[in-house]
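Worksheet: the structure to be examined is printed underneath.
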Amino acid sequence: MTIIRKKHPLIKIINHSFIDLPTPSNISSWWNFGSLLGLCLIIQILTGLFLAMHYTSDTATAFSSVAHICRDVNYGWLIRYMHANGASMFFICLFLHVGRGIYYGSYNMIETWNMGIILLFAVMATAFMGYVLPWGQMSFWGATVITNLLSAIPYIGTTLVEWIWGGFSVDKATLTRFFAFHFILPFIITALVLVHLLFLHETGSNNPTGLNSDSDKIPFHPYYTVKDFLGVLFLFMAFMILTLFFPDILGDPDNYTPANPLNTPPHIKPEWYFLFAYAILRSIPNKLGGVVALILSILILALMPLLHTSKQRTLTFRPITQTIYWILVADLLTLTWIGGQPVEHPFIIIGQTASIAYFTIIMILMPIAGMIENNILNLD
């Protein structure tokens, strides 16, 4: 068996990635989320495939085809809710994974980090298009509002929006193409994940100390396969409790009303995992400015390696930056809350303050804190 594992051209690639992979001996449970994201992706592809067997991407039948899946297909309700809540679990793991990367300075592995940002954009695009497919009220109006943002692009904006819509409004052509893209993107994401892993295995994993761990490596299997399996159990438990007991808690009640272009819902808002970006978008009165801020709210992650001023890699021994980091986490939670609130006083000013704080913390406070810590520790 060992001979096959180490010599077979295909199996040896798997062996070097998941079995004999030299791994730092001290990585914590925060390093579990990579494998959990892989599991989430597999769950989403499988449940999505079974849903696609019964779904129809036509404005006249899309809503009723989802109802048919829940009522008439064997375990259709389970597949549908696993897919819907699987997206939420996916984003929880994604945010924790990115948060871990920021805390422990993993962004210094630039190729892996940039690949991760591309993956984040791809997953967000996939989730957005998936939300449109049930063709409920929030699906329709969410698609209308978000795609309409592209009209803010000077000169080509309006043409671009109509090109994406396939007409003069969100209609049958839009739904059909969104379904096509929603189906193909997860497979593209899978390919990008392999590239992400390829870059990661070029440098090896980071660890909580941020120090070079070449002198202290252990094989991934059995140590981290067992450790990851514990994470899988916790994820699966949370996922099943969510799916079986509270399947609609993260959804919007408006989406149980079929799409109606003549009736606007009182509060148009995306799924919870986009609310922080939506709050940043809404906090700027100018349309183009809002779109730029929305894109920058994610793209700012690409500046992380350039903004790293500290002589230490991680925040483990840096209490000042640690404090600022947790303020950033609180700020993101505030933005998420604001994104779900109506556009009125005091939510407008809170959203604007939180948006300014978000960019200020990342671009100004964290780099300054890094320099102060270098000074205190005489690392200059």
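Backbone N, Cα and C atoms are what each Cβ position is placed from, and that goes for glycine too.
The transmembrane segment annotation in Swiss-Prot covers 33-53 (among others).
Counting only same-chain residues 6+ beyond the ends of the transmembrane segment (77-98), those with a CB under 8 A from a CB of the stretch are 30, 33-34, 36-37, 40-41, 43-44, 47-48, 50-51, 66, 69-71, 116, 120, 123, 127, 130, 235, 238-239, 242-243, 247, 250-251, 271-273, 301. Feature annotation from Swiss-Prot assigns transmembrane segment to 77-98 (among others); the stated evidence is similarity to another entry.
Annotation comment: Swiss-Prot describes His83, His182 as heme b b562 binding site. In the three-state DSSP scheme, His83 (heme b b562 binding site) is classed as helix.
What Swiss-Prot records for His97, His196 is heme b b566 binding site. Secondary structure at His196 (heme b b566 binding site), taken from DSSP and collapsed to helix, strand or coil, is helix. In sequence order, Thr112, Met115, Gly116, Leu119 are the residues near His196 (heme b b566 binding site), counting only same-chain partners six or more apart with C-beta under 8 A.
Residues or ranges marked as transmembrane segment by Swiss-Prot: 113-133 (among others).
Remote same-chain partners of the transmembrane segment (178-198), defined as residues 6 or more beyond its termini with a Cβ less than 8 Å from a stretch Cβ, comprise 17, 38, 41, 44-45, 48, 52, 55, 57, 112, 115-116, 118-119, 122-123, 125-126, 129-130, 132-133, 143. According to Swiss-Prot, the feature transmembrane segment maps to 178-198 (among others).
The feature ubiquinone binding site is assigned by Swiss-Prot to His201, with similarity to another entry given as support. Summarising the environment of His201 (ubiquinone binding site), the number of other Cβ atoms within 10 Å of its Cβ, over all protein chains shown, is 14.
Swiss-Prot lists 226-246 (among others) with the feature transmembrane segment, giving similarity to another entry as the kind of evidence.
For 288-308 (among others), the entry in Swiss-Prot reads transmembrane segment, with the evidence type similarity to another entry.
If you look up Swiss-Prot, you'll see 320-340 (among others) marked as transmembrane segment, on the strength of similarity to another entry.
What Swiss-Prot records for 347-367 (among others) is transmembrane segment.
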Check: Between the transmembrane segment (226-246) and the transmembrane segment (33-53), are there at least three Cβ pairs closer than 8 Å, leaving out pairs fewer than 6 positions apart?
Finding: yes
Checklist line | For His201 (ubiquinone binding site), the one of His83, His97, His182 that lies nearest, given that the binding-site residues are compared by Cα | finding: His97
Note to self: Tell me the Cα distance separating His97 (heme b b566 binding site) from His182 (heme b b562 binding site), rounded to the nearest angstrom.
What the structure shows: 23
Notebook entry, point to check: Any residues 6+ beyond the ends of the transmembrane segment (113-133) with a Cβ under 8 Å from its own?
Noted result: 48, 55, 57, 62, 66, 87, 90-91, 94, 97-98, 101, 106-107, 139-140, 142-143, 146, 174-175, 178-179, 181-182, 185-186, 188-189, 192-193, 195-196, 199, 270-271, 273-274, 298-299, 301-302, 304-305
Checklist line | For the transmembrane segment (320-340), sequence-distant contacts whose Cβ falls under 8 Å of one of its Cβ atoms, 6 or more beyond its ends | finding: 99, 102-103, 269-270, 272, 274-280, 282, 310, 347, 350-351, 354-355, 357-358, 361-362, 365-366, 369-370, 372-373
